[in-house]
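Asks: Please see the structure below; I have some questions.
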Amino acid sequence: MKQAIPERFLISPFLAFFVIHAAQIGVGALSFQRPLMKEAGQDAWIVVLLAGLAAHGLVWLMYRLFSYSPSGGDIVSLHEQYFGRWIGGVLSLGLLFYYALVALTVLQSYIEIIKVWVFPLMGAWQFSLVFLLLTYYAVLGGFRVVAGLCVWGVVIPLLTIFPMVFFPLEYAQYRNLFPVFDHSFGQLVKASKEMTLQYLGFEMLLMYYPFLKNAPSSQKWAHAANAFTTFIYLVVMLISIVFYNKEQIQHITWPTLTLAKIPEVPFIERMEYIVISIYVLVVFPIITISVWAAMRVVKQLFAVQQRRSLPVLLAVLFVGTLFVQEKTDIDRLMKWTAEAGFYLAAVYIPLLYVYVWAAEKVKKALQQKP
Amino acid sequence: MRRGLAWIGALLLLSGCASSRPIDEIQIIQQMGYDFENGRYTGTAVYPTFKQGPMTKPNMLTTTSPTIYDLIPRLSSKSALPIEEGQLRLILFGQEFARRGVTQITHSLARNNKVGSHLLLGVAEESARELLKITAKTTLSDTLYLPNVVEQNEQSMNLPKTNLHLFLYRYFSPGSDPFLPYFEKKGDFVKLEGVALFRDDKYVGHVSLRDSFLMKILLGETKNGVYQLKVGNRGKQGEDRVMLQNLWAKPKYEWKRDGSRHALDVFVHIHASVRDYPSWLDHPGDDLFDDVKKKMENELEHNMRRLFRYFQKKRIDPLGIGDFVRSVTRHWDPDAFYREYPDIDIRPHVTVDIVHTGIGE
């Protein structure tokens, strides 16, 4: 459990860019404009930047945190090192639940989109079954397969979906951006909490950190990934501000998908269906990586083979998708995940860092005394 | 190998989910009309029937109901094939229906994922059903006659751009009111007559196609449109008019405080070509054109003032002036603005540049 992971399982540091970016942009990117513009109106793009900066700080903090951990350690071994087997184990178990919750939320909200837009008569279970079987296959392939999925989950949507958000500029009302700073700083900070779920994804790093070759050197890639995520949210937000007005957007459930209704090509009139289909590639890496992270927690804690524990987790997720079906339930689930992620990334990680930092100080002082 | 099997399995499972709808087993509605007559709502659907080869014949279904929402289910009970609304191109409201408000329809369209944002809306002078009946009768193969009329006029003539997205945008915006193309029945023909104006979602009046040229420019749509101006008093009919074609125009708004009330300066710079002009103007090297330009500017300003006053009197804001004022005011208050709106001094200033007069002089 403590020994370093063999090199053939590791990934290059620059791949951290894809893994983090893929995990950050998910179903939230289709609907984040609505709560943001409700709170901050035309200044919503500033909120995106503020939240992006905060995420940068947290990524930095995570890397600092790992500088205290023994080589090849992840959050589970860190917990054990500083809190002992039992308390540390309970904390890691909390992490396991969180990762499972992320997987369930993403899967369920994507299924909801499919059901609303494409196949209204389809049952959730058929889709979730296929999806979870694929997840089983990918996660058993190990972290390198998961990272490979993330690469394609970034590159393909970037080349296909991202250009589509520029077509609505045909209807742009640039005056919607003015007056800038019509909202107080307090309002903007309050609104930036709505961006939590959108920037979350970097906290998976807590589990795969030891899988990065020469891990500390991957920090610049992690920051680059976060900066790129900020950039994409910023572009989508700016386009949404000039395309919709504040009142109108409150009546649209997935503003990004409605943006995709604008481009028209002769052989296919409705691009949003293409976007939804390609979005599988955005959603799938998030599910695999969170399931993988959850499995990793199990393996580190109980030394159970993934082959055994994975079907159990996937079965739980499958049953979960059967129960959470109504829109209000899915919204509540998303809210819980955002809340849990917020407390994990923005509250727990800083506290843990302070604790570890203090413990190291104390340890050093004790060592110097005799 | 296992990867391949997984994909095949996924494909097999997923392909079973789709409910396919072959084109000859559905009724594709392309135009829909809504009317309110004698206390009941009337829905009219125009759909193409495919005869031999590429020939299509527009056909109609009509039904009435005391409520709006069950019009389509009621239409279904008259149709042999399931009705699909995914190809809707135009929705026409009868005037009486539009007067009572169109929110119910537009909200339901905004929620309907099958309908595209490019869907056109329009208002008929009397009954939408009559109008659709005429287009179905007179056009032999073209079921999209009205949508094509609208699109053509938006692209090359005086009609400002409208569609479902723009309608909803202007409807929801606290600083503007929506407008739609306005059709009239002329004998056995349907004619685009101008722009129907709404206050919130209720039809309140319309302006002519000539005034819609001014609207188009004031809305910031930079290209196209023709405008006929009177520049002389030579008496003989047609001999004192100039036909102006807009090549490029841009409005600039300025909002200022003028004593106790607010004023809005509107600067419009039009680069135009003169398409047709009377023969007495045809003296190369003369200063006549400068004089004519002045006259054009004055007349355009006069007509714009008249248009603004009409909007102010009706308390409607199709040009989105409120939206502009919001963009230059901190903490804009729509209620206060629209209380003041009828009294705002709106001052148009027009400059015309005549770029060319065609290939001959």
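The backbone N, Cα and C atoms fix where each Cβ goes, glycine too.
TrEMBL: automatically predicted annotations, no manual curation.
From TrEMBL, here are the annotated features:
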TRANSMEM  A:9-32  transmembrane segment
TRANSMEM  A:44-66  transmembrane segment
TRANSMEM  A:86-111  transmembrane segment
TRANSMEM  A:117-139  transmembrane segment
TRANSMEM  A:146-169  transmembrane segment
TRANSMEM  A:224-244  transmembrane segment
TRANSMEM  A:273-298  transmembrane segment
TRANSMEM  A:310-328  transmembrane segment
TRANSMEM  A:340-359  transmembrane segment
Asks: State, in range form, which of A:86-111, A:224-244, A:273-298 has the highest count of Cβ pairs under 8 Å to the transmembrane segment (A:310-328).
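Replies: Between the candidates A:86-111, A:224-244, A:273-298, the best contact partner of the transmembrane segment (A:310-328) is A:86-111.
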Asks: Under 8 Å for C-beta pairs, could you tell me which stretch among A:86-111, A:146-169, A:224-244, A:273-298 has the largest tally with the transmembrane segment (A:117-139)?
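Replies: So the stretch in question is A:273-298.
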Asks: Between the transmembrane segment (A:44-66) and the transmembrane segment (A:273-298), are there three or more CB pairs that fall under 8 A, provided the residues in each pair are separated by 6 or more in sequence?
Replies: no
Asks: Go through A:44-66, A:86-111, A:146-169, A:340-359 and flag the stretch with the largest number of C-beta pairs under 8 Å relative to the transmembrane segment (A:224-244).
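Replies: Out of the listed stretches, A:44-66 contacts the transmembrane segment (A:224-244) most.
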Asks: Which residues of the chain, 6 or more past the ends of the transmembrane segment (A:44-66), have a CB below 8 A from one of its CBs?
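Replies: Sequence-remote neighbours of the transmembrane segment (A:44-66) are 20, 33, 36-37, 73, 78, 177, 180-181, 188-189, 191-192, 194-196, 198-199, 202-203, 205-206, 209, 215-216, 219, 222-223, 226-227, 229-230, 233-234, 237-238, 241, 345-346, 349-350, 352-353, 356.
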